[in-house]
Every structure is written in structure tokens, then in C-alpha cells.
């Protein structure tokens, strides 16, 4: 799995001086009333793509679906004002909350100030995608929509392998994660994720459960990483999927004939042969070699839209055996 880059994080201390100030709200309070609460004027939610989950029943349902144990350490991404956080804290040993907005981070800490849960909460301020993550057992997140895909693949590449992740996503993205071969939403994203995990759609969440309300509906999925993971190089599996899902309703043979694919395959094959000390015969044609592999596997006239993860693995294995 691809590694995320690192970034320096800091733990936010709890102090009265760092709590959100209210005197900055006055200039926009009239606009807030006119907008009917469509915008959050206390916290800059629009800047970070966050929508605060306000329905306590939904929040508790998300925590329940994680099946937490008292010994678990939970990573929460984008805690916002802590509506999920306080419920997670009551069910586990520790919560590490990663938040981009320092004012929201301060608000989360204020929720547990002076309570026993204060000792169980650690807040990290910064960009989750660039972070070196600490140890954790479970991830729970009302995910900022713009980091949906990076979040999923970072969690799947995390070691040691986590038990599960319960994540809120934009409805369309969630349905793409759980799509099956032959369905309208099946594609490269679903194939890559389902190679490394089982994904379940567990809850629909309407717009009215958030402040400010998003423009789209949301869903909650549960991701259960496969342990041990399959012995497949992600870069190779994804490379194959890039080719065949580029035009997923075309045949596999047609996708390999697309502009630039044969040239790239030939460069990679020559590099492999040079590393292995293999002499390439005169008159070698990479297009003939690709066609032979596709015909021998029986996938030449198949379409990616109808191929499941097992089919993709068999095709990749055939290319690997041929040194590609």
C-alpha cells in the first residue's frame, strides 16, 4: 500500500485562553439569522469541508456499530465539536482525535474539561493525510468529504492492521465503496478497496442531521481489513485497474490497445528483463505478448465492469508469470 507523507503535529493543551471566542460572532450574527443557520459562524466548517453531526441518535448508532471494547484505542478523524467524541470516550480506553481547526480542537477539549474522560482524550491538530499515526484499534470518523479516498487508503495501509473503521461519507462515495462487479457503481475504487477489506453499508444519514446541512445525502460504512492482507503489490494491482477501468465497458483487449499502454508495458518489461538478465529476442512485439496472455487467460473479450476481484487477481497473476 502507498505510504502517506509525514507532518509535524502538536497536542493541543487545554486552557481558557485557547477556547473559542464569542466576540467575533457579532459581525455575522445578522447574516446567520437571515440564512436560517445554513452557515456555521462560530467555527469555520466550510474551510475544512466539515458538517457537524447534531443528531444524538445517529451519533450513538455510529459508535454502537464499531463494537468497541473497554481496552480499545480509537482514532477519530475530524471530531468537530465533539458530539461523537464524548460517546466514543464512554466506550473505550482512549481517543486520539485528529482535527484541522484549532478552535474546534479547543471545543472538543472543553466538552470533557474537569471530567474523568479528560485523561482519556488526546487531540492532535493538523492534516490527517500527512500525519504519522499512533497505534489505534478502531477508527471512527464523520469524514470531511475532500479526504474520503485518502482516508480509506491510509487506514488500509496502516500497520498494525486495525480491527475496523466506521466512517461517514457522501452517499455516492459510500455506495461506490460497497459496489459489486456488474453493478453501475463498480469500478477501480471498489476493486482496490475490496482487495484489502470487506466493506458494509450500515446506515443512511439525511442532510437534516448536520449543521450546516450538506448539499448531498450521507451514508455510514464499516470497513473490516483482511488480516493477513493478500500478498499482492498494491501498485501492480492498481496499475492493472487503471488500464482496464479507464473504459470499463470496453473489452480488456481494447483497453490494452489504448494509446500509450503498449509503450509503457514494453518499457516496464525491458526493465524487468534487464534486472533478471533475460535476453529479449529479435522481433519481439509487446502487443503480441499482451494478446497471448489475454487469450490464454480467457479475459481478452471480458469487460472490467463484469470482472470481480478474483478475476482481476487471476489476470494480474498471469501478467506476473510472464514477467510483466
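Here the Cβ of each residue, glycine as well, is placed from N, Cα and C on the backbone.
Features reported for this protein in TrEMBL:
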- 1-36: region 'Disordered' (REGION)
- 1-17: compositional bias 'Polar residues' (COMPBIAS)
- 26-36: compositional bias 'Low complexity' (COMPBIAS)
- 51, 53, 78, 99, 127, 142: S-adenosyl-L-methionine binding site (BINDING)
- 58-227: domain 'Ribosomal RNA adenine methylase transferase N-terminal' (DOMAIN)
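Everything TrEMBL records as a feature, shown here on the structure.
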residue	record	CB count, 10 Å
51	S-adenosyl-L-methionine binding site	23
53	S-adenosyl-L-methionine binding site	20
78	S-adenosyl-L-methionine binding site	24
99	S-adenosyl-L-methionine binding site	26
127	S-adenosyl-L-methionine binding site	15
142	S-adenosyl-L-methionine binding site	25
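The full span of the recorded S-adenosyl-L-methionine binding residues, 51, 53, 78, 99, 127, 142, taken as their largest Cα to Cα distance, is 20 Å. If you average pLDDT over the domain 'Ribosomal RNA adenine methylase transferase N-terminal' (58-227) in this model, you get 96.
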